[in-house]
Amino acid sequence: MSTAFLTLIAVIVCILFRILNVHSQPLKPSVWCLDAHFLDCLYKIAPVLREPYIPPRLWGFSGHVQTVLHSIVGRVRCPWPLGERVYMSLKDGSTLTYDLYQPLNEQEDDITVAICPGIANSSESVYIRTFVHLAQCNGYRCAVLNHIGALRSVQVTSTRIFTYGHTEDFAAMVEHLHQKYRQSRIVAVGFSLGGNLVTKYMGEDQKTKPDKVIGGISICQGYNAVEGTKWLLNWQNFRRFYLYIMTENVKSIILRHRHILLSDEVKARHNLNEREIIAAATLPELDEAYTRRVYNFPSTQELYKWSSSLFYFDTIKKPMIFINAKDDPLIPEDLLHPIKEYATTRQNTAYVEVAHGGHLGFYEGGFLYPNPVTWLDRTLVAMVGSLVMMHEVGKVAP
């Protein structure tokens with residue numbers, strides 16, 4: 001066997017070891033929290049936060065592998081919870097749907113978990129189904145917002161789809177749930193884009209929210225779209241590749257409903273160029289060609305600033321828990337500094353940072369094969385319980 005061949009094998013092995021990050025060890029999550037009472041309640045109901053997160057040994061310490069597996073596989077042996085689809089007609093002519101799942105086990109408290117999925121996702125997304133099933137088994141009712149345009153089986157009936165910052169659809173679902181279950185307390189849970197929407201919704205003081213909304217949980221959001229898009233346009237850490245995938249997902253929804261979203265009347269009204277929309281290779285290009293025009297923003301920078309939850313932190317009145325992974329390839333550490341500062345200066349707020357997990361991955365398991373339920377699923381269910389307990393015992397600071 002030649003020296004050159006052996007050298008090549010050695011280089012490949014070194015690259016694989018570096019990508020898989022196999023030298024890493026399981027670590028306990030880091031928690032930023034000013035409020036001692038809040039933190040005590042969180043640890044009491046979610047003791048998993050005191051324990052090391054142990055991903056699959058071979059590949060689980062790589063944020064890239066976790067992220068790619070999440071986007072391709074989602075979860076293993078995923079259940080398909082049985083629920084009902086609720087249809088709502090909004091004032092702008094949009095057809096909004098959400099899927100409603102009743103608890104499988106009785107609990108003393110009537111709790112509804114209002115779930116906002118990630119970009120272009122819905123109740124049919126595998127990671128959402130896994131979390132819903134686990135929450136049902138723990139006695140929680142779940143409602144999952146289907147982002148307008150995301151479901152192939154539901155036609156778009158107005159000239160818009162979801163965006164990164166418009167919270168009206170989520171607010172409409174929460175209000176409908178409140179009218180339907182008057183005594184139920186509501187915990188809002190958002191994943192990625194949904195985390196931004198939930199946080200922004202909680203901080204929009206000009207919008208009236210039901211008093212039964214007792215808190216929110218945000219997972220894997222970037223907080224600041226203005227700065228976040230700059231990072232995503234960089235090829236470092238393969239971010240430009242991830243941005244391309246997200247762009248194609250949103251673009252495919254627009255083109256799937258082009259007979260309404262890109263009708264001649266709509267294109268004339270908003271000065272849309274269909275060729276520019278089709279040619280867009282990044283979200284900023286797509287938002288310049290489509291989103292900011294449909295919503296009448298003077299620039300994408302204005303759209304991104306208005307959409308970013310970071311600028312609504314100071315007006316959040318209810319308890320919030322934020323979760324991010326340090327190795328999330330979509331969200332660099334620089335974007336996490338503001339949430340750390342916020343959590344250490346505000347009551348009723350906690351920020352949990354996990355060393356590994358990627359973007360919405362957080363798989364657990366042995367050497368190779370992951371468990372059906374992830375660390376994130378288990379932790380979120382416990383966090384919902386901690387918010388409920390804090391509300392009940394009156395430890396939420398005024």
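Heads up, the Cβ atoms here are built off N, Cα and C, so glycines get one too.
Straight from Swiss-Prot, the features:
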- Ser192: active site, charge relay system (ACT_SITE)
- Asp328: active site, charge relay system (ACT_SITE)
- His359: active site, charge relay system (ACT_SITE)
- 113-365: domain 'AB hydrolase-1' (DOMAIN)
- 1-4: topological domain 'Cytoplasmic' (TOPO_DOM)
- 23-398: topological domain 'Extracellular' (TOPO_DOM)
- 5-22: transmembrane segment (TRANSMEM)
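Shown on the structure are the features that Swiss-Prot records.
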{"residue": "Ser192", "record": "active site, charge relay system", "CB count, 10 Å": "23"}
{"residue": "Asp328", "record": "active site, charge relay system", "CB count, 10 Å": "27"}
{"residue": "His359", "record": "active site, charge relay system", "CB count, 10 Å": "25"}
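In three-state terms derived from DSSP, His359 (active site, charge relay system) belongs to neither a helical nor a strand segment and is classed as coil. Each residue contributes its Cα atom, and for Ser192 (active site, charge relay system) and Asp328 (active site, charge relay system) those atoms are 11 Å apart. Between the alpha carbons (Cα) of His359 (active site, charge relay system) and Asp328 (active site, charge relay system) lies a span of roughly 5 Å. For the domain 'AB hydrolase-1' (113-365), the mean pLDDT of the prediction comes to 97. According to DSSP, Ser192 (active site, charge relay system) sits in a coil region rather than a helix or strand.
Under the DSSP three-state reduction, Asp328 (active site, charge relay system) is assigned to coil, being neither helix nor strand.
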